[in-house]
């Protein structure tokens, strides 16, 4: 057999080139439109940098929510700048671009950047770091992890579902079984039972590890099965997998009339528009508020290292505002207050 | 009669499964229908993927790039539909991207004699690279492909709601299995394809253009992988996620072997796998057994392994699989 080495080399090189595409260093974007090039090393100029996880600042998700908080400081004369990470290999380099210019605060978004953030913080003790969704196992004095009690958000969502369900059956489709999803599920179950002891909760975790959060087709199949078995509330709590579940509920007959769904993490009315026909609310982590609070603390010097627990709650009801009975809303609001002042605790 | 005699094991098994399914249906109709629907819902991309494998390997070309072809199909379909706001354009883009990926495999391995495994790996790597790099979040399509009831057939108890109240691609998957079965075993094209996959030099001597037939078959099979991807992003869901094929292309290969390189048996194998997954999640959701969900979720894989082990030795791959054909070699 005649060997044609170029035919092996060409596609292989192509493959390497393409898979390497992600390797380009994160570019500083001019997304903020900030041209006020104040000298960040001066004490008078407040400079805040934001490093996204692999994603963009208009991703309608975590990155955008955090960026909105940072951007809000522009009005008060601060210099703000985002760097969009293209490849996880660049986390450290992207953070370095800010620390080299002596920024006062650097916000890093996403659990995956936990280590990179801590390492950078140890090397730059004068810069304050805010790690969104980064739980700190041990304290680094200049790193504050902004974390959220998922069980509280899940509890509020479950409470709403428990009050509104007609079939007394509700379901939740989760990603991989890890502490955040377990917390959501735990809260959801306890909340729904607190509202209505007759409720039974169907709960499934995605079986595989690698793609557990990016398998919408599986999530949709699970939601379909739960709906066929009489569930009238589907809570999708697992990234893309959960989004598949609420997207399926939106397609079911009776969506928005007798079948409802609940989103997760952010107000998914905006992030998962295909779920709008059934999306009553989302179990929300108040990311923008939390980031703002911490940046204010950086400004007045009161920020502490360790973990900062942000607020959770339910996203606006949007089109369902008029369809949800007023007494249900009142009860849910009371529960959210109770969770905040810790008179209600999820065990 | 003779046919029945030759296939008595398969016909018997099928009859037994059918009876068991209806017994289940009469005990608890709601749960039976929901579980079988779930099984078929999960099986559709596996069936289409396995058909890609059947055509490829029957022609003598191993295709381990089904996973990547599927992913590119899902990506192209979704983003074409999002850009044009037309679901028809999306479906066409999904199918054509599959054709392109199929042609890539065909030309590198059949014309260029690149190692077939390497070509498949290249496809998977390219697919992951392209679909992650050009991925944009926040795009939406007007709506997914709609479900509809097939007249009359959808009224059959159990079978109707499971197989005949789905979207167009699910229905297509069901039909294409029978079509490929007939084409492969009852037509001239089928005979030639099998000859080319079993003993290409003999086929060549008989005047069949081995290279051309393989090129055409492997390229066209790619369309099915593209359609499987379109199912994932436009029928099962209305969204695209990076890596959303989630190993289904590789599972399809296991199903191909499980189904002994025959379309109908691959369909049965895919349904079996889908049903095992449905059972796993049903046990998890209903909380009847108190064992960790990871163990329940192992069930389909363990059972597949057992069945594959039992079938080993009894099934045989087409003779010329994996070997490039060089005229006069």
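Glycine too: its Cβ is placed from the backbone N, Cα and C atoms.
Just so you know, TrEMBL annotations are computer predictions that nobody has curated.
Residues 33, 36, 157-158, 265, 268 of the same chain, all 6+ positions outside the transmembrane segment (B:9-27), place their C-beta atoms under 8 angstroms from a C-beta of that stretch. Feature annotation from TrEMBL assigns transmembrane segment to B:9-27 (among others).
Using a Cβ-Cβ cut-off under 8 Å and counting only residues 6 or more beyond its ends in the same chain, the transmembrane segment (B:33-54) has close neighbours at 21, 25, 63, 66, 69-70, 102, 158, 161-163, 166, 169-170, 173-174, 176-177, 180, 184, 221-222, 224-225, 227-229, 231-232, 235-236, 245, 248-249, 251-253, 255-256, 259, 261-263, 266-267, 269-271, 273-275, 277-279, 281-282. Here TrEMBL flags B:33-54 (among others) as transmembrane segment.
Same-chain residues lying 6 or more positions outside the transmembrane segment (B:61-81) and placing a CB less than 8 Å from one of its CB atoms are 45, 49, 52-53, 87, 89-98, 101-102, 105-106, 109-110, 116-117, 119-128, 130-131, 134-136, 139, 141-142, 214, 217-218, 221-222, 225-230, 232-234, 239-240, 243-245, 247-250, 252-253, 321-322. The transmembrane segment feature in TrEMBL is assigned to B:61-81 (among others).
For B:87-110 (among others), the entry in TrEMBL reads transmembrane segment.
Annotation source TrEMBL lists transmembrane segment at B:117-135 (among others).
TrEMBL lists B:167-185 (among others) with the feature transmembrane segment.
As annotated by TrEMBL, transmembrane segment applies to B:206-232 (among others).
Annotation comment: TrEMBL describes B:295-313 (among others) as transmembrane segment. For the transmembrane segment (B:295-313), same-chain residues at least 6 beyond its ends with a Cβ under 8 Å from one of its own Cβ atoms are 254, 257-258, 260, 272-273, 276-277, 279-281, 283-284, 289.
Under the criterion of 3 or more C-beta pairs below 8 Å, with sequence separation of 6 or more, the transmembrane segment (B:167-185) and the transmembrane segment (B:117-135) do not qualify as touching, having fewer than 3 such pairs. Here the transmembrane segment (B:117-135) has long-range neighbours at 62-65, 67-69, 71-72, 74-75, 79, 101, 104-105, 108-109, 240, 242-243, 249, 322, meaning same-chain residues at least 6 beyond its ends whose C-beta is under 8 angstroms from one of its own.
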